[in-house]
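Annotation comment: Swiss-Prot describes 18-56 as repeat '1-1'. What Swiss-Prot records for 18-134 is region '3 X 39 AA approximate tandem repeats'. Here Swiss-Prot flags 210-240 as compositional bias 'Polar residues'. The zinc finger feature in Swiss-Prot is assigned to 359-381, 387-409, 415-436, 442-464, 470-492, 498-520, 526-548; the stated evidence is sequence analysis.
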Amino acid sequence: MTKVVGMATVLGPRPPQESMGPSPIKVEEDEEKDKCCPTLELSHKHFRQSGNQDTLEPMGPSTIKAEEDESKDKCRPNLEISRKSFKQFGYQDTLEQLGPSTIKAEEDDEKDKGHPSPEISRQRFRQFGYHDTPGPREALSQLRVLCCEWLQPEIHTKEQILELLVLEQFLTILPRELQTWVQQHCPESAEEAVTLLEDLEQELDEPGLQVSSPPNEQKQSWEKMSTSGTAMESLSSTETQHVDASPKYEFWGPLYIQETGEEEVFTQDPRKRQGFKSNPQKEDSADEHRSSEEESHADGLKRTVIPMIPANKYGSRSERQWANNLERERGTKASLQDTGSRKGAEPASTRPAPGEKRYICAECGKAFSNSSNLTKHRRTHTGEKPYVCTKCGKAFSHSSNLTLHYRTHLVDRPYDCKCGKAFGQSSDLLKHQRMHTEEAPYQCKDCGKAFSGKGSLIRHYRIHTGEKPYQCNECGKSFSQHAGLSSHQRLHTGEKPYKCKECGKAFNHSSNFNKHHRIHTGEKPYWCSHCGKTFCSKSNLSKHQRVHTGEGEVQ
């Protein structure tokens, strides 16, 4: 690069300009006396005293080269001649002689100061406001400048610019917390952003994962975020010294966040966060005063990888909110990993395919696709009815049946019978009417007896087979129906859950309670199809029907 020491030879005699006063070269030399190195000033003084300002031969090429090399790093911003200076002082014709290196000096100096990162340039372009400019034309011009600073069309190809736009749109459609997390890693392409997200999913899905990178790498990552335009600062020296004390570190559970008004602030020392495994002798005494609520929460969480986030390192509240949501989400996944570890530990090759029935009943051999259906099916063998109606005490083996039954207590009963009884469902009315008409579509093949319901036929068929699957644990007595076992067990416990609200009388079976309750209501649901007479119990109806059949007298 050509310096001022060689300017006299290149420029030649200055054009006559009487009004300009002192020589511009002299002015520049005087201004540079205090700024530039003393070696260069001595060389200028030597030339003026010798009177040989038109030649540089007395110094020799080696001396000139030495001065140029010596002053290259010290005086470069002050000695380079700009294009504006040549035009002002009449040396425009010598620009071609100086070459492109001197002319481009100012541009090189601007580059040395450092260009903003692509993310900062993008944010400047996107966040530029109309109120920042005096008018629309200035706003448009400024937008063009900011767009060029971001996309850099002078160095990027069309494909690279397209990739930048695709990357920006891809980050826009991501959830807020994932968007901020990916931006912190400064991906250069959409493919790199996808790779980062896939790696994050694997980390969250792998139980018991440990951090293997040393703390100094963590520090470098934070410093990289700071220089790349994120609103974060590098780790403080105090935090770095604490972290560097141990070669490896682990994290248990999520980061705990302290709420201060509306703002959420992370605990300042990462080693003080709940569950961080460190040397007990170096723990701060404040750790002993952690609330029992935090400790109980941390004990129930599975070990997981959580990035160390310094306190107050977020530049906006939205980023702090992102951190809160991200840690909360990770903590939720970690808490579920323990319950799902049995399934998660199972190899993918042994997992059931869709529609495959791997759950088999040990009693009858029936297969099911999931364990919940098998559990429901087993209740048909055990007779278990864990779902009890709080209104009438009726028990059911499935929650769905209880839900349907409970509606009869809450909603209207639009389906009425001639006997005055009402039902919430038409199917219940049909079953009830079979009692009046004595319709019995379900017939036993062994004895020919017919029943109005399929369940009644199944219970009756056990008389022929002698099956009594329901056994009392107290006395060992067996029953063919679960209702019989339930009634029998109340003899041991003395329980009488069915109590009449009218007179206070209690019963150990719902059928006895229903018969008694009809005394107060006057309900007579059983009526004779021959004469239309009604009765409050089925036994009374049977006795009456003997008159019509000739088997007995009317009671």
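Cβ coordinates come from backbone N, Cα and C, glycine included.
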The zinc finger (526-548) versus listed stretches 415-436, 442-464, 470-492: most Cβ pairs under 8 Å: 415-436
Task: May I ask which of the stretches 387-409, 442-464, 470-492, 498-520 has the most CB pairs under 8 A with the zinc finger (359-381)?
output: 387-409
Tally of DSSP helical, extended and coil residues in the zinc finger (415-436): 11 helix, 4 strand, 7 coil
- line: Rounded mean pLDDT within the zinc finger (359-381) lands at 85
